[in-house]
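**Q** Mind looking over this structure? Questions follow.
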Amino acid sequence: MDKMELRYNSGNILNEEVHKIGIIALGSFLENHGSALPIDTDAKIASYIGLNVSILTGAKFLGVVIPSTEYSYVKHGIHNSPNEVVEYIKIMIEHSKKIGINKFLIINCHGGNTLIKDLISELNDKKTSVILENVCFTHAAFEEIAIGYAVGILSEDKMKTHSFKTYPEIGMIGLTEARLKNTDIDNEAKILEEKGAIFLDKNYGKTLLKNLINNHVEIVKKMSEGDSNVGRLPITRL
């Protein structure tokens, strides 16, 4: 059988090297986010960013990781072990290698998944590059509300009841064990308590989403050019 020659230069792509880059979305599917955001908020935001970056660059969107993990003391959803998450990613990587992909950008939008950082670094070798980029904000608070609106998963009607006084997972204000065991969580919760009610800033959400997409486009561009010095630009927070 004659070898099929593919037109790697076709379409709207940065360059032919993007065909060696795969984008993986990582979030969580079963996690409470108050009343205005769905339980799979993190997975949907990560997928939205990843797919749009793929469209704008030509890199391949490989899909979303099903399992997710979390710190044992953060109790607001159903999660898996770090090893289960990484094993799933390994399967995605192995199948992707068969279609010529050897560079992987994982866009993670769930704080608990930062636990896999060291395990992910072990997947790198001379032939494979795996980069984990974390986009994590205070849980179900200002940033997630804003970006949720921009993505289209926020219920504006349910914002009326989206309060940390009712839903303890918002800002993790009511998650006592998590606040006692993690100073970062406690500090973010204190900031939210001081601000009081959560409000929706639609313009901020649109700007935040645009910046996140553009930032990851730049990361893919650097990856396609062989630049190992990639990283996320600082995001202005409310």
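Each residue, glycine too, has its Cβ placed from N, Cα and C.
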**Q** Please pick, from HIS95, HIS110, HIS139, the residue that Swiss-Prot records in the Fe cation 1 site together with GLU31, ASP42.
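**A** Looking through HIS95, HIS110, HIS139, the residue Swiss-Prot assigns to the Fe cation 1 site is HIS110.
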**Q** Could you check what DSSP calls HIS33 (Fe cation 2 binding site) once collapsed to helix, strand or coil?
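**A** In three-state terms, HIS33 (Fe cation 2 binding site) counts as coil.
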**Q** Tell me, by DSSP, whether ASP42 (Fe cation 1 binding site) is helix, strand or coil?
**A** helix
**Q** In the structure shown, which of the binding-site residues GLU31, ASP42 has the fewest other Cβ atoms within 10 Å?
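**A** The binding-site residues GLU31, ASP42 were compared, and GLU31 has the fewest Cβ atoms within 10 Å.
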**Q** Among all protein chains shown, how many Cβ atoms are found within 10 Å of the Cβ of HIS33 (Fe cation 2 binding site), not counting that one?
**A** 26
